[in-house]
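Now, the feature entries from Swiss-Prot:
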type	residues	note
CARBOHYD	N4	N-linked glycosylation site
CARBOHYD	N16	N-linked glycosylation site
MOD_RES	S328	phosphoserine
TOPO_DOM	1-29	topological domain 'Extracellular'
TOPO_DOM	53-65	topological domain 'Cytoplasmic'
TOPO_DOM	87-105	topological domain 'Extracellular'
TOPO_DOM	128-147	topological domain 'Cytoplasmic'
TOPO_DOM	171-191	topological domain 'Extracellular'
TOPO_DOM	218-244	topological domain 'Cytoplasmic'
TOPO_DOM	269-287	topological domain 'Extracellular'
TOPO_DOM	310-341	topological domain 'Cytoplasmic'
TRANSMEM	30-52	transmembrane segment
TRANSMEM	66-86	transmembrane segment
TRANSMEM	106-127	transmembrane segment
TRANSMEM	148-170	transmembrane segment
TRANSMEM	192-217	transmembrane segment
TRANSMEM	245-268	transmembrane segment
TRANSMEM	288-309	transmembrane segment
Amino acid sequence: MWPNGTSLGACFRPVNITLQERRAIASPWFAASFCALGLGSNLLALSVLAGARPGAGPRSSFLALLCGLVLTDFLGLLVTGAIVASQHAALLDWRATDPSCRLCYFMGVAMVFFGLCPLLLGAAMASERFVGITRPFSRPTATSRRAWATVGLVWVAAGALGLLPLLGLGRYSVQYPGSWCFLTLGTQRGDVVFGLIFALLGSASVGLSLLLNTVSVATLCRVYHTREATQRPRDCEVEMMVQLVGIMVVATVCWMPLLVFIMQTLLQTPPVMSFSGQLLRATEHQLLIYLRVATWNQILDPWVYILFRRSVLRRLHPRFSSQLQAVSLRRPPAQAMLSGP
């Protein structure tokens, strides 16, 4: 029982941390600046996307998926960042402000949802480009409506997975230094199963993106230097693949350390978590660091699109512009007229 007579929820674990240590780790300025940088970056990307001319076909589908990714990153930073920044600024004791764990459960669901969505959307974008490049004439015409339907399916799938701990599979708990909630790296079967589902699904999404993007880039390079280059405009596809590879690299660098750490911790023998639910301080520090690295994915994603557009690449690398012009000159006259500027 808590001193005011309120019983504590199941999201609390023993976490030994002093107020001075928490002040040193949980800097309100760092949290606020980090959140503001991410929100500003995603708002800038959304404004650029709003002014883009999607046209029709593969580009409209790709831009719709990209818009869904940036929108998801923006909402993720807005929801989770607001909770963490407020906890850091006020140095609140989670047990006093949320003894029933409702806010903790909400944040846990949000962390899983907004963590998996970018990885799943990256895999969906890689699949769309793989089919578009390797089999351009053997699929239905890509449309932005179908792309938004894909975004909706990803949101539903990630949301359903995030709700599993509320249905009894796994647990969400307050994490060191007491300002955020995430899945529990415990020894209970439900914790292990849910944690492995999250880590394996995220890793599989990254692996699928790597495989499909590698094949797509190889196919694009082969077609670029063959007769087929005179039959299909390559400049737009090159731009989309450069952006997609950048998104994949960012996701791999930011998320794989955390996903691998979760799997290693859950499968480690002897278990890292004690019977009382306490983690080793070194493990808590590592989890916090890997989580902060993973959060950079939401900040860097929009900059991949902003910096890797054709207009920017032409300014930074004139040779890229000359290569695109050479490809355009190699198109048949009728196709060049239909393709437009």
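Cβ atoms are placed via backbone N, Cα and C, with glycine included.
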Helix, strand and coil totals (DSSP H, G, I; E, B; other) for the topological domain 'Extracellular' (269-287):
7 helix, 0 strand, 12 coil
State the non-local partners of the transmembrane segment (192-217) in its own chain: residues 6+ outside its ends, Cβ under 8 Å from one of its Cβ atoms.
112, 115-116, 119-120, 122-123, 125-127, 129-130, 133-134, 161, 164-165, 169-171, 183-186, 241, 244-245, 248, 251-252, 255-256, 259-260, 262-263, 266-267
Using a Cβ-Cβ cut-off of under 8 Å, list the residues of the same chain that are 6+ residues beyond the ends of the topological domain 'Extracellular' (171-191) and lie near it.
10-13, 15, 17, 21-22, 25-26, 80, 83-84, 87-88, 93-94, 101, 103-105, 107-109, 111-112, 165, 198, 262, 265-266, 271-273, 275, 277, 279, 281, 283-285, 287-288, 291
Can you tell me which parts of the same chain pack against the transmembrane segment (66-86), counting only residues 6+ beyond its ends and a CB-CB cutoff under 8 A?
28, 31-32, 34-35, 38-39, 42-43, 45-46, 49, 92, 103, 107, 110-111, 113-115, 117-118, 121-122, 125, 147-148, 150-151, 154-155, 179-180, 243, 247, 295, 297-299, 301-302, 305
Remote residues contacting the transmembrane segment (30-52) - C-beta distance under 8 A, at least 6 residues beyond either end
63, 66-67, 70-71, 73-74, 77-78, 81-82, 84-85, 88-89, 295, 298-299, 301-303, 305-306, 309
With the cut-off at Cβ under 8 Å and a gap of six or more residues from its ends, the chain residues touching the transmembrane segment (148-170) are 64-65, 68, 72, 105, 108-113, 116-117, 120-121, 124, 128, 183-184, 190-191, 193-195, 197-198, 201
If one takes Cβ-Cβ under 8 Å and requires six or more residues beyond its ends, the residues near the transmembrane segment (288-309) are 25, 34, 37-38, 41-42, 44-46, 48-49, 66, 69-70, 73-74, 76-77, 114-115, 118, 175-177, 180, 182, 239, 242-243, 246-247, 250-251, 254-255, 257-258, 261
Is it possible to list how many residues within the topological domain 'Extracellular' (171-191) are helical, extended or coil according to DSSP?
3 helix, 8 strand, 10 coil
Surrounding residues of the topological domain 'Extracellular' (269-287) on its own chain - C-beta under 8 Å, 6+ positions past either end:
13-16, 173, 175-176, 182, 184-187, 258, 261
